[in-house]
Amino acid sequence: MFGEKALELIKELKRCGDGLLPSFNEETVRQVLEEMKSLFEENHKDVTASSEGEQGLFPGVQLRHAALERNKRILLTYLNERATSIAELRWQMGTVLPPDIRSRLAEHELSWLQKYNKSLTAYMRAVGADITHNLKPPKSLLIEVRCTTEHGSIELTSGRTLHLSRGTHHFLERSECEPLIARGIVEEI
Amino acid sequence: MSQYYKNSRLNDDYLSIDSIMASQERVTSTFRTKIRNLGFLDIGSDARDLEVGVKMELPYWLAAFLCNKRRQIVEVETPKQYRAGQREILNADPVVVDLHKLGPHFYKFGSLFLSFQIPESLNISRCLLETFQGRFKHIMDISQNCLNEDLSKVKSKLDECEKVIFALGQDSLKDFQNWQTRESAKLKASKMIIQQRKRKRNELD
């Protein structure tokens, strides 16, 4: 039956569930596009034949058209669903994605993310505030964190360098911790 | 932010994964017009064309396109789970029925199926509504009162849409408890990072 390849894409997204982005399935997307192309060509052939006087081809044309529409819907959903999760990543992790997540995005998704970044930054500049910070209402300026990985040194906005190694406790400014916590490098205690 | 977006999946819309899955359910259809050159769709036969009277299990999206007010290329049968016999069972006690077995998208597919305008439509829609009403209280009850318990047995009987409702109930219960213990004010790592860690740990084991 038509449209089965496309459904695989949707099933893949569903299987992965919330919060995990699978690699862009270029191979299947290509196969779906090929199926659509051949459907379109056959329809084109049949419509030309009909206009030359052949009878009884229209039901077939309609069936193929339904399959075309279905494939289109599924592809659009696939792209939309991924774009939404990518946008969410931007809010959770800031402008730089960890390399293993980044490698799961396709070329066009990366350029989309770049554009999304650009408009978000432009907006934040216009309102004069970083709206991706403090998504939860802050209760204090400084918070205590414990480091969970061997991360190495980072430079703080104050100019001080801080060495993050597993199991160490730090008392840091909240705004500085937020990205570190989002990436799972430190955890709040 | 994402949660509100995902919840909107309860409603039907073009870009909804659940809606796409529901419209993939099969409907038994009989062809009333000959379709030329597409005989290969009927796997059982070698004919070149789809003849009048051929019976096939078509996915809902295709059947709905080929059977409406304007076109009558196929004729559809009511799926078993919405027929009178099953409706009586649901009427008797909706809570004990395994809706997941009756098609994981019982409500959604049911309401999609109503678009065919068959004589039974009114009864089916009433049955869908009453089943939902009958089960809703039970679902809310278990989702609000069981935490840290194995619920997989209860959950396996739920339809996809009920699962969303159940998860919402559980989440709100957890959120409330987190708020009471002041956990909710804490900053958390991104969901994707947490998932990925789990996966890596599994690979190591």
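Even glycines carry a Cβ here, placed using N, Cα and C.
Here is what TrEMBL records for this protein:
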type   : residues : note
DOMAIN : B:16-67  : domain 'DNA replication complex GINS protein PSF3 N-terminal'
DOMAIN : B:87-179 : domain 'GINS subunit'
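Residues belonging to the domain 'GINS subunit' (B:87-179) score a mean pLDDT of 87 in the model. Residues of the domain 'GINS subunit' (B:87-179) grouped by DSSP class, helix first, strand second and coil last, total 69 helix, 0 strand, 24 coil.
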